[in-house]
């Protein structure tokens, strides 16, 4: 089964499937799954010496305002393999804009059936303060050395804003 056949989730927006493109703490390489072939491509080598503070991926069958599927960060006890799919629930969203427009990053934790470690996290403010700071710092800085690219972080949104981002992106993709 190709990645294009992975559903958006079991019960949107609270129970989603995230296709992982970049493992947490990996080398500074931006990977993207080609939505037509399902292949994992190297998008670019990041100019900054930074790594993603959580696993990074997307929800299939969604379309964010930047024209890509909704982006999701997933903290886990261990880095996940690119191309793997993880069942999650959203807890918040980092609101930001870049040179291509709105570029929100949903933060989601693994579903309770995978691990009980995140059961106490109901909202982004329940995440460790250091992890939130690392995520924000990463996205404020990761394009700093790339000519013509920029990012403006506008702050954090709660679980309800994350849920709405997922629903809006799912509806946008159906049009």
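Please read every residue number as a count from 1 along the shown chain.
Just so you know, glycine gets a Cβ as well, placed from its N, Cα and C.
Pulled from Swiss-Prot:
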BINDING   30, 44, 56, 142  substrate binding site
BINDING   66, 71, 103  Mg(2+) 1 binding site
BINDING   71  Mg(2+) 2 binding site
Fewest other C-beta atoms within 10 angstroms, as judged across 66, 71, which are the binding-site residues: 66
Residue 66 (Mg(2+) 1 binding site) and residue 44 (substrate binding site), Cα-Cα, nearest whole angstrom: 18
Among 30, 44, the one of these binding-site residues whose Cβ has the fewest neighbouring Cβ atoms within 10 Å: 44
Cβ-centroid neighbours of substrate site 30, 44, 56, 142, 8 Å, sequence order: 22, 28, 29, 31, 43, 46, 52
In the chain carrying residue 142 (substrate binding site), residues 6 or more apart in sequence that have Cβ under 8 angstroms from it: 46, 48, 50, 151
Same chain, 6+ residues apart, C-beta under 8 Å of the C-beta of residue 103 (Mg(2+) 1 binding site), given in sequence order: 64, 65, 66, 71, 96, 97, 151
Pairwise Cα distance maximum in Å, substrate-binding residues per record: 30, 44, 56, 142: 15
C-beta crowding around residue 56 (substrate binding site), within 10 angstroms: 23
Mapped DSSP class for residue 56 (substrate binding site), helix or strand or coil: strand
Sorted by sequence, non-66, 71, 103 residues with Cβ within 8 Å of centre, Mg(2+) 1: 64, 65, 68, 70, 96, 98, 100, 101, 102, 104, 105
